[in-house]
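Worksheet for the structure shown next.
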Amino acid sequence: MNVLKKRLLLAATVAWGVSVLPNTMAEYKPIEQPVEPANPSLKIESRNDLFKEQFPKQYQGWADTSKSTDLDSVNYEDPRVVVLWAGYAFAKDYKKPRGHFYAITDVREILRTGAPMTPDAGPMPMACWTCKSPDVPRLIAERGEAGYFGATWGSGGSEIVNPIGCADCHDTTSKDFAEGKPALRIARPHVLRPLEKINKKFADADRTDQRAALCANCHVEYYFAGDLKQVTFPWDNGISVDEMEKYYDDIGFVDWTHALSKAPMLKAQHPDYETWMLGVHGKNGVTCIDCHMPKVQGVDGKVYTDHQIGNPFNAFEHTCANCHDQSKEKLKDIVKSRKKEIKDVMLRLEDQLVAAHFEAKAAWEAGATKEEMKDALQAIRHAQWRWDYSAAGHGGHIHAPDVILKVLGTGLDRASDARTQLVRVLAKHGITEPVKVPDISTAENAWKATGVDIEKERRAKAEFLKTIVPQWDKEAREKGLLPPEK
Ligand code: HEC
Ligand code: HEC
Ligand code: HEC
Ligand code: HEC
């Protein structure tokens, strides 16, 4: 295309953009996503148990992730989140992560996935299985991306049954792996594409980058794009909080409309890989593996990789102590104090956001117009995205505390924009007294204040776990995906 033509096209696009998309929050236009067809030649062995005998040390480490059992409920610890996510499934149930071993159990049991009593019932799409199991790349290879993503979560229940395991990180059917070599592999096409966009193409990457990229299979920010609800990483502009925010704004993507403020919200996932890259360790080439999967020596004297992914302080001698002279206590104290500093600022931002959501609700009730509310709602969107990016990136206080503090700072700034504008809108409609926030001191009160019938959700889930899940497991055993019942 010659330069003139290009200019004309650009001018036309800009003009169209201005006339058709007057608001920043224009209608959601899904960007074109490539869809890989089925690839039956890609054999993926998802059954973790098959590797127990050949690789007992790696298998045992992996199985020992089951020792990390704590499953703390964030909604109970900090009921503000019930308000922040009002109108969205996270308001019902959000728990801290635990061992990889529990990935399938936990996604079945969390209230967010609901209680689909038939394969066609909602509410969630297949995308919700995507970071839970090596059965996911297996199914994508068998059905193609369109065949995998374009269905309900409930329809995958008897297929996706093995928790995060060997085939999520290794080409377990290769000759190299049979010989005990790592044969690292990413088999999810929707992960390989964005890695290429940020110049980390997996096939060409060195071993250090490849190791870290394994975790980017799942520990990243993503959204569900288009009618297929295809897992997609918002990395076209880059991986910083601003670049991902711009990506979402440009396509007008909205995860949900807030039940109180009606703001067009974004839900951050867990941008661990992104924040790690921007932190001091990431910049120095110290990867997730150096801290979470160190090399250790077996009783036979042979060095192998510790597969018990968990808190690196539990293996201090093989992790931090490899590079740092400080004592375990000293480093633990540093990490703990950073966690506390971040938490303090995070809670301030939460309080600002809670107030803003109720103020916006009051403004609507007082008769505010869409036009009057637009800028305030956009500011709420940005402020909460920044809060969520910091809260959902677990371990951000060690991975990149400076980055997280800056993100929270800009979040406070946007929350203050929102509240300043809301004061004006409220005053214009005759409300000059401060807007009262109802009692949200407990999760129960917060659910009441935002209209969630939590008991109903729990009853439905209990029934689903009692009747549907055993059926899923039975079918999976018949297909040979799970070992026979003991
Ligand atoms: C989350 C990713 C991940 C999972 C899950 C995983 N591995 Fe690994 N595995 C690694 C990494 C990283 C290495 C080290 C690679 C390197 O040294 O470059 C490794 C190395 C290995 C090696 C090479 C020898 C060694 O110990 O360094 C074997 C064999 C192995 N894993 C077997 C398994 C088996 C069996 C399972 C399932 C029970 C499994 N892995 C699950 C990431 C994983
Ligand atoms: C296939 C997706 C997937 C891959 C690959 C993956 N993770 Fe995870 N990870 C998860 C999920 C899902 C959870 C939460 C499981 C739960 O709570 O049920 C989790 C939990 C964790 C936890 C918390 C463990 C605990 O005991 O609290 C750590 C730490 C972690 N992952 C680190 C890593 C690292 C490091 C890598 C790369 C070597 C990695 N993960 C690869 C999906 C994945
Ligand atoms: C310099 C070492 C280091 C590196 C590199 C590192 N982590 Fe961590 N990570 C930690 C420590 C230490 C903790 C626990 C912090 C604490 O105790 O409060 C942690 C916590 C986590 C958690 C939260 C676990 C939980 O239960 O809340 C996840 C998830 C995680 N890391 C994943 C990753 C991933 C993925 C990468 C690479 C993209 C990575 N980490 C790189 C040291 C590291
Ligand atoms: C493979 C080597 C390596 C490992 C393992 C490692 N670090 Fe580091 N760490 C570094 C390097 C390199 C730097 C940057 C040093 C610099 O810039 O002066 C650093 C810097 C730090 C800093 C100071 C930078 C900051 O954030 O202010 C802290 C704190 C730290 N590491 C904690 C830990 C902890 C805790 C662990 C174990 C969970 C750990 N590191 C594991 C290499 C490592």
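The backbone N, Cα and C atoms fix where each Cβ goes, and this holds for glycine too.
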Matching residue for the heme c 4 site, where TrEMBL names C288, C291, H292 - out of H170, H399, H429: H399
Residue among H100, H318, H324, H357 sharing the heme c 3 site, where TrEMBL lists C215, C218, H219 as binders: H100
Same-site residue for heme c 5 (record: TrEMBL; known: C320, C323, H324; options: H270, H281): H281
Of the candidates H258, H307, H382, the one that TrEMBL places in the heme c 2 site of C166, C169, H170: H307
For Q269 (Ca(2+) binding site): DSSP state (helix, strand, coil): coil
For C131 (heme c 1 binding site): DSSP state (helix, strand, coil): coil
Sequence-ordered binding-site residues from C169, H219, C288 with Cβ under 6 Å of an atom of ligand 1: C169
Candidates K132, H170, C288, H292, C323 (binding-site residues) - the one closest to C215 (heme c 3 binding site) by CA: C288
H307 (heme c 2 binding site) versus binding-site residues H100, C128, K267, H281, H324 - nearest by Cα: H100
Within 10 angstroms of C320 (heme c 5 binding site), Cα basis - binding-site residues out of C131, E221, Y222, Q269, C288, C291: C291
Residue among binding-site residues C128, C169, C288, C323 with least C-beta crowding, 10 angstrom cut-off: C323
